[in-house]
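Enquirer: Mind having a look at this structure? Questions to follow.
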Amino acid sequence: MIKKASLLTACSVTAFSAWAQDTSPDTLVVTANRFEQPRSTVLAPTTVVTRQDIDRWQSTSVNDVLRRLPGVDITQNGGSGQLSSIFIRGTNASHVLVLIDGVRLNLAGVSGSADLSQFPIALVQRVEYIRGPRSAVYGSDAIGGVVNIITTRDEPGTEISAGWGSNSYQNYDVSTQQQLGDKTRVTLLGDYAHTHGYDVVAYGNTGTQAQTDNDGFLSKTLYGALEHNFTDAWSGFVRGYGYDNRTNYDAYYSPGSPLLDTRKLYSQSWDAGLRYNGELIKSQLITSYSHSKDYNYDPHYGRYDSSATLDEMKQYTVQWANNVIVGHGSIGAGVDWQKQTTTPGTGYVEDGYDQRNTGIYLTGLQQVGDFTFEGAARSDDNSQFGRHGTWQTSAGWEFIEGYRFIASYGTSYKAPNLGQLYGFYGNPNLDPEKSKQWEGAFEGLTAGVNWRISGYRNDVSDLIDYDDHTLKYYNEGKARIKGVEATANFDTGPLTHTVSYDYVDARNAITDTPLLRRAKQQVKYQLDWQLYDFDWGITYQYLGTRYDKDYSSYPYQTVKMGGVSLWDLAVAYPVTSHLTVRGKIANLFDKDYETVYGYQTAGREYTLSGSYTF
């Protein structure tokens, strides 16, 4: 880890705090430029969520964590474990880069977008979330933003927890971190979660057969990590985790064919790294291997039957990153190498698939008087579509003490996914989708209120679409996204308030029609307080109107889905210094709504849990 004092001295800027549960402006983040830096020096809007926040919200899924954050719009085909999509600032679900400990999530390689309904919440110790383009640092996918899920635990100790809730939900978790001598620590975790679920209905998406069954979810997780400090400057780590999930869902049925309504996902990841943390120079070398097997099958025949489908991908990654303190800032440079291989049949591709990508990048951060400058440039060499370059730049001006104006511009891209390139309807000549983004923002501290308001525009070209006549994918689509985002956090006596507002106008630039499944407006409000040792929390979310497709008849019709206001209530009580009990009511007023047309949401749900630490 970087020594905090040296970087704070090099980047000594006025403290501005973005929307986050951890409101300290000097909170260190690693996602912006791959090395730790104070959040106040990151000019892009940044949110940090800690494990303490997740426990206070009593979230049982990663999607429940992310839905609370500015700019995020989550859609899901029902309840726990069902297919979900993340839209950030109106961009496509495939325009979000999801990292696990700084390494690209493997599952995103098969489908082209990350489905975090499958990722275990037990592994999440911290989330760093950056909005806006970041391809100049990370390469493909980082058009709407970057979500970095960090699994490293900060504090030693052991925790045993259990929870129960509606729809026969149950969860059991054991985790421990122990110091072995002065220089070595080990972390272990095991988690089991299961819910019977409910019938998501899937109106218009099941073919000729109604499927009036519960659509449940089961997840089993193991995690282990070993960290060692060789000297004050040199350290290394090895970690691995895996999860085994089963999801029941409502599938499309064709008469005379098996009903593939069960999903079985196996995923494992292994990382190893070596870090050098000097006073002026920082360097890290990280290697990673991940392997996922994703079955969809009819449980009457089993996942090895010829009717079943299998998406299998292996991902190999090597990252070498370096950072040098220069003046009142730093310069960074590095190389990424990634190889993805698939087995025949993955993504409906008959043959096996192998794709390599090598990226080199340069980043810079510097303070000059009242100005802060940030920039990055990157070149990717891909075995499929050749070389592609991206860049971004930002400038911040503290025009009055405690108030800052920020202007930024960046380019980014999304590489075509496996099915689009080599599937039955694939086109190997596809180009990457490209984005140009502008943003202007004011932020400051006024009468105890940390606030930020920004306006942005994102023009996306060469969008990949499907042609009903040629039965092929092609580059032609264009999107124009305009938006306003406002965030604030403040205290009034014992009450802590966190609020955000998003207005997103995301349209097809050719037809001027709204992009599907994006809420035009969102309001999010979190209120926390303590009363007689009880920790209370109220969460409010307003989801505005959105459009979707009704697939129950042909030709498909566009439908308008009305807005909804949702409330959650959570409370926790420390029975002793070691034992805490928690309870939560989600969707307090039992609102009936959908985020994907035809797929029901859960309605009111209750959970009760307890944790014992020692």
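Backbone N, Cα and C define each Cβ position, glycine as well.
Residues annotated as signal peptide in Swiss-Prot, with experimental evidence given as evidence: 1-20. Annotated topological domain 'Periplasmic' per Swiss-Prot: 21-157, 179-183, 228-231, 444-448, 530-534, 573-584, in sequence order. Swiss-Prot lists 26-33 with the feature motif 'TonB box'. According to Swiss-Prot, the feature domain 'TBDR plug' maps to 38-152. Sequence annotations record features per position, and here Swiss-Prot assigns domain 'TBDR beta-barrel' to 155-614 based on sequence analysis. The annotation transmembrane segment is assigned in Swiss-Prot to 169-178, 184-195, 217-227, 232-248, 279-296, 328-337, 371-381, 434-443, 473-490, 494-509, 517-529, 535-550 (among others). Sequence annotations record features per position, and here Swiss-Prot assigns topological domain 'Extracellular' to 196-216, 249-262, 297-308, 338-352, 418-433, 459-472, 510-516, 551-557, 597-601. Per Swiss-Prot, Ca(2+) 1 binding site is recorded for Asp199, Gln211, Asp213, Asp215, Asp250.
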Enquirer: Using the Cβ center of Asp199, Gln211, Asp213, Asp215, Asp250 as the Ca(2+) 1 site position, which other residues in that chain lie within 8 Å, going by their Cβ?
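Expert: Near the Ca(2+) 1 site, the remaining chain residues are Val200, Val201, Ala202, Thr212, Asn214, Asn248, Tyr249, Asp261.
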Enquirer: Could you tell me which of these binding-site residues, Asp213, Asp250, has the fewest other Cβ atoms within 10 Å of its Cβ?
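Expert: Each of the binding-site residues Asp213, Asp250 was scored; lowest Cβ tally within 10 Å is Asp213.
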Enquirer: Which whole-number mean pLDDT does the model give the topological domain 'Periplasmic' (179-183)?
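Expert: Result for the topological domain 'Periplasmic' (179-183): average pLDDT 94.
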Enquirer: Fewest neighbouring Cβ atoms within 10 Å: which of the binding-site residues Asp199, Asp215?
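Expert: The binding-site residues Asp199, Asp215 were compared, and Asp199 has the fewest Cβ atoms within 10 Å.
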Enquirer: Other than its own, how many Cβ atoms are within 10 Å of the Cβ belonging to Gln211 (Ca(2+) 1 binding site)?
Expert: 18
Enquirer: Per DSSP, what is the helix/strand/coil residue tally across the topological domain 'Periplasmic' (179-183)?
Expert: 0 helix, 2 strand, 3 coil
Enquirer: Any residues 6+ beyond the ends of the transmembrane segment (517-529) with a Cβ under 8 Å from its own?
Expert: 21, 56, 68-70, 73, 75, 85, 87, 90, 494-506, 535-548, 563, 595-596
Enquirer: Counting Cβ pairs under 8 Å to the transmembrane segment (169-178), which of 184-195, 217-227, 232-248, 434-443 comes out on top?
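Expert: Between the stretches 184-195, 217-227, 232-248, 434-443, 184-195 has the largest tally.
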Enquirer: Three states by DSSP: which one describes Asp213 (Ca(2+) 1 binding site)?
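Expert: Once the DSSP labels are grouped into three classes, Asp213 (Ca(2+) 1 binding site) ends up as coil.
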Enquirer: Please indicate, using numbers and ranges, the residues of the same chain that are 6 or more beyond the topological domain 'Periplasmic' (179-183) and have a C-beta under 8 Å from a C-beta there.
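Expert: The answer is 156, 228-230.
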Enquirer: What are the helix, strand and coil residue counts for the topological domain 'Extracellular' (297-308) according to DSSP?
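Expert: Secondary-structure composition of the topological domain 'Extracellular' (297-308): 0 helix, 1 strand, 11 coil.
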Enquirer: Would you kindly list the residues that approach the topological domain 'Extracellular' (510-516) from elsewhere in its chain, counting only those six or more residues past its ends and only Cβ-Cβ distances under 8 Å?
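Expert: Distal contacts: 90, 92, 477-479, 481, 546-549, 558.
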